[in-house]
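Report on the following structure.
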Amino acid sequence: MLISMKKLLLHAQKNRFAVGYFEAFNMDCMEAVLNAAEKTDSPVIIGFGGQFIGSPKRNYKEDIYLYGKLAKEAAKRSKVPVAVILNEANEEEMIYQGMNAGFNTVMYQKEGEAFEDTVRITKEICRAAHFMGIDVESEVGELSCADISTGTQSPGHDTDVEQAKYFVEETGIDALAVAIGNIHLLEDAKAQLNYGLLETLRKEIPVPLVLHGGTGVSAEDMKKAIHMGISKVNVGTVLKRAYIDAVSGFIASRELEKIDPHITMGWGGQDDMLSVGRDAVTQKAVEFIDMFGSAGKAGIF
């Protein structure tokens, strides 16, 4: 069932649980997430990253309309409430394409852009999106980003409360992603969240709060952050890691020259490595849904 993200998050905010956005990297991943949501009777948010779809480094140009229509149709057919987001698109043109493609939530984010320019552009996006019945998420502050290959992190800065209040009031966004010590792409360590800042933001900001970088937050800290007012959590890196580990383990356990390619890729059975990867993503999403407290909440919408 396709549903507004705003509706999901307002209810989550009121009842102190969070709805997970599990960012897909292909159709298998998206279907695995939906399977997890249906298994746990949980509302969920699916979608794709704008920088994933639109990256100039891609070998093949992707068609955002195919991604949007695929996700929207999957949401409509699901047994649980599902919102569909185009996440962190850094070009205005892609945002408007996403609106027309079927995403019922969009997020514009362009790192390094002047704050007033972001305010102006986001305000224009909100005007168009709300006219079409589409929700808008945005971010104030900047997350650090971990590089697992070097063990380093790019610099970031926490959300400024007054700046966030101004941004929300001026633009009319429906959800605000905050920087409170959370870190993008963090796997081998856990972020230290600033709960004092979160408490202030929850008191001062009228819209639901979003935590990106969910992979790098411990279960204990995640539950505390949700109790204090986080209503949506973004998860992506851990899904890719689960898929990679499962498929790698599958291949390592077999003699490659004896593998039947028809059975091993695309057949859909227990000896299909794509199914093995998909099952791993489902299991990981189930773990996070339980952590977020959204299991069993689908029937209230």
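Note: Cβ is positioned from N, Cα and C throughout, glycine not excepted.
The Zn(2+) 2 binding site annotation in TrEMBL covers Glu139. The 10 Å shell around the Cβ of Glu139 (Zn(2+) 2 binding site) contains 24 further Cβ atoms across the protein chains shown.
Here TrEMBL flags His184, His212 as Zn(2+) 1 binding site. In this view, His212 (Zn(2+) 1 binding site) is surrounded by 26 other Cβ atoms within 10 Å of its Cβ, with every protein chain counted.
His212 (Zn(2+) 1 binding site) falls within neither a helix nor a strand when secondary structure is assigned with DSSP, and so counts as coil. Taking the Cα atom of each, His184 (Zn(2+) 1 binding site) and Glu139 (Zn(2+) 2 binding site) are about 13 angstrom apart. In this structure, the CA atom of Glu139 (Zn(2+) 2 binding site) is 10 Å away from the CA atom of His212 (Zn(2+) 1 binding site). The Cβ of His184 (Zn(2+) 1 binding site) has 21 other Cβ atoms within 10 Å, all protein chains considered.
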